[in-house]
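Novice: Okay, handing you the structure first.
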Amino acid sequence: MEGSWFHRKRFSFYLLLGFLLQGRGVTFTINCSGFGQHGADPTALNSVFNRKPFRPVTNISVPTQVNISFAMSAILDVNEQLHLLSSFLWLEMVWDNPFISWNPEECEGITKMSMAAKNLWLPDIFIIELMDVDKTPKGLTAYVSNEGRIRYKKPMKVDSICNLDIFYFPFDQQNCTLTFSSFLYTVDSMLLDMEKEVWEITDASRNILQTHGEWELLGLSKATAKLSRGGNLYDQIVFYVAIRRRPSLYVINLLVPSGFLVAIDALSFYLPVKSGNRVPFKITLLLGYNVFLLMMSDLLPTSGTPLIGVYFALCLSLMVGSLLETIFITHLLHVATTQPPPLPRWLHSLLLHCNSPGRCCPTAPQKENKGPGLTPTHLPGVKEPEVSAGQMPGPAEAELTGGSEWTRAQREHEAQKQHSVELWLQFSHAMDAMLFRLYLLFMASSIITVICLWNT
């Protein structure tokens with residue numbers, strides 16, 4: 001008796017499989033005797049539940065069309081190091097089951113009902129870019145209409161791979177893809193289509209977007225494609241998700257403080273070099289900028305080379321260059337006030353060229369030289385008193401003459417030294433002004449270049 005029962009069950013299975021393989025199926029109407037005010041009797045749908053392992057078609061050569069749609073309710077995170085987009089989606093799939101139908105007039109006016117999704121055949125739609133295990137909650141339900149249309153919705157936390165371009169950080173826009181496809185069914189068995197238009201999906205996503213953090217949704221677009229794998233074609237729908245970073249956090253915490261520090265470094269050129277305060281001030285400012293970069297390093301992407309990193313490198317280079325310039329000018333002043341060598345002729349010519357009106361830098365009005373200078377006897381047109389012939393100086397007069405000549409030579413030496421010191425001081429101030437202008441020019445051109453690159 002037990003063996004005959006087994007053979008009967010096996011015969012029924014092979015008979016059903018034969019009908020499916022031959023392209024023939026059976027449609028039927030659900031008996032409404034199990035319908036009432038408390039819902040439907042599960043036994044009335046047993047014939048549908050028993051077909052759950054098989055694709056619901058009456059002709060196996062006809063592919064099942066699955067319409068998909070989704071709404072993005074949250075952009076959770078964008079991992080620049082791993083190139084991952086974490087989002088939360090509400091996925092909706094709609095398809096027809098020809099084995100389900102009933103007459104609403106005979107079934108208490110019921111046009112649709114909900115039933116456990118585990119009792120129905122479900123499309124194996126997945127996201128190709130998904131980089132984590134599907135964490136869809138269990139025990140979901142699906143809505144079934146009296147015409148056999150099934151509407152199934154499920155929430156999904158999606159960690160998808162996304163090729164991020166962080167060069168324009170923090171003013172960057174990213175384009176990520178979400179590709180929906182079947183894992184098992186080829187184009188001969190399943191076709192994908194849209195349940196809603198793209199603009200409807202975009203508006204719905206913007207309306208229910210619950211996160212107002214670092215990223216905002218710009219828009220969605222879609223494309224259809226066919227994936228060839230192992231000689232089989234799989235239908236696909238590719239959604240392009242455009243998102244944009246909100247840069248206010250990084251502008252306030254990174255760009256503005258860095259700009260202030262560079263501006264203070266530029267203003268420090270107005271500190272007099274002779275006071276000795278410019279070098280310590282610039283060293284303190286440089287150390288403070290390095291501490292600032294160390295504290296803010298957690299806000300920067302850890303992969304790639306963003307443009308903001310180039311901006312910080314330029315700011316650091318400007319500060320180091322200004323410190324070296326100050327050290328150079330301080331050394332010139334030290335040389336000028338201790339043992340100034342004779343100023344080379346070409347430097348003297350360059351200094352005269354720069355001191356001329358409208359040249360390299362404005363010069364202070366020349367002060368009258370009140371120090372020891374040339375004696376009147378060395379001025380043009382003035383001759384030394386001649387000694388009368390036949391008048392030989394005596395010993396006392398010779399001693400006085402020798403002393404006056406030594407004093408005159410010493411005065412000439414002091415005058416030449418003072419003149420050399422003044423020339424070196426003028427040269428130092430001219431170099432300081434010229435290097436300051438070069439500093440401003442390089443700073444302005446660098447900042448303008450970075451801003452133009454950010455705006456492209």
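Note that Cβ sites are derived from N, Cα and C of the backbone, with glycine treated the same way.
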Novice: For the feature N-linked glycosylation site in Swiss-Prot, which residue out of ASN31, ASN175 does the record point to?
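Specialist: Residue annotated N-linked glycosylation site in Swiss-Prot: ASN175.
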Novice: Read off the topology recorded in Swiss-Prot and answer whether LEU178 and GLY304 share one side of the membrane.
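Specialist: Swiss-Prot topology: LEU178, GLY304 on one side of the membrane.
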Novice: By DSSP, how many residues in the topological domain 'Cytoplasmic' (270-282) are helix, how many strand, and how many coil?
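Specialist: Split into helix, strand and coil, the topological domain 'Cytoplasmic' (270-282) gives 9 helix, 0 strand, 4 coil.
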Novice: Give the nonlocal contacts of the topological domain 'Cytoplasmic' (270-282) in its own chain as ranges (CB under 8 Å, at least six residues past its ends).
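Specialist: For the topological domain 'Cytoplasmic' (270-282), the list is 319, 322-323, 326-327, 329-330, 333, 428, 432.
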